[in-house]
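Listed in TrEMBL for this protein:
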type    : residues                       : note
BINDING : CYS194, CYS201, CYS204, CYS210 : [4Fe-4S] cluster binding site
DOMAIN  : 44-192                         : domain 'HhH-GPD'
Amino acid sequence: MPEFILLEQKKAKTAIEILENKYKNVSYYLNFNGPMQLLVAAILSAQTKDTVVNDLTPELFRKYKTVEDFANADPQDLLNYVKKVSFAENKVKNIISCCKIINENYKGKIPNDMNSLLSLPGVGRKTANTILINAFGIVEGIPVDTWVIKLSYRIGLSKSKKPDEIENDLKEITDKKYWKNFAYVIKEHGHQICQSVKPKCEICPINNICPKNGVK
């Protein structure tokens with residue numbers, strides 16, 4: 001197996017800046033209105049295509065309008081609305097449990113600090129960062145999804161496969177002004193150019209910098 005090549009910090013910063021400028025108009029990809037809807041949509045989106053979540057949430061949020069609505073939801077009824085997502089039953093349990101805790105401990109308001117969010121069922125750092133950034137404008141870290149894991153390795157930004165370690169590596173080499181959109185920039189780059197199979201290296205703006213780890 002070819003040796004992993006880690007980009008030196010100066011080149012890594014250059015690569016990130018090039019990508020951020022190329023995809024500067026990219027934005028968060030789930031549709032929501034307010035912190036509660038974002039929490040629910042983000043939980044549903046784990047290992048599920050964004051389009052699937054965006055297709056089902058309008059009807060879901062017409063039925064369930066508040067944290068209290070979700071806290072008191074009948075699991076089977078809620079499942080009927082979200083059955084197209086992966087691991088739907090487990091996500092239904094987490095959503096109901098989350099909203100019960102928020103209702104009881106936070107007066108029905110989604111908390112806006114990392115530790116409180118991480119205490120909620122089904123909420124890891126990716127979801128917590130996503131909520132803080134997109135619902136509250138608080139940038140403490142970088143959401144690490146499957147695209148970030150994959151391309152951080154390929155581009156030589158992090159050798160790790162563990163989301164928390166990848167986030168720490170990225171925070172060390174990425175200017176904080178880029179943290180907010182980093183995951184969405186990487187995802188867009190993956191869709192347009194750096195695809196999982198047969199990446200289009202010949203048209204990539206960082207072709208001369210990228211070590212192409214794992215590319216055959």
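Backbone N, Cα and C atoms are what each Cβ position is placed from, and that goes for glycine too.
Keep in mind that TrEMBL annotations are predicted by a computer and have not been checked by a curator.
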Inset, instruction - Work out, from DSSP, the number of helix, strand and coil residues along the domain 'HhH-GPD' (44-192). - result: 102 helix, 0 strand, 47 coil
Legend entry - binding-site residues: CYS194, CYS201, CYS204, CYS210 - member with fewest neighbouring CB atoms within 10 Å: CYS201
Inset, instruction - Would you list, in sequence order, the residues of this chain other than CYS194, CYS201, CYS204, CYS210 that have their CB within 8 A of the centroid of the site's CB atoms, where the site is the one recorded for [4Fe-4S] cluster? - result: ARG154, ILE155, ILE193, PRO199, LYS200, ILE206, ASN207, LYS212, VAL215
Legend entry - Where CYS194 ([4Fe-4S] cluster binding site) falls in three-state DSSP terms: coil
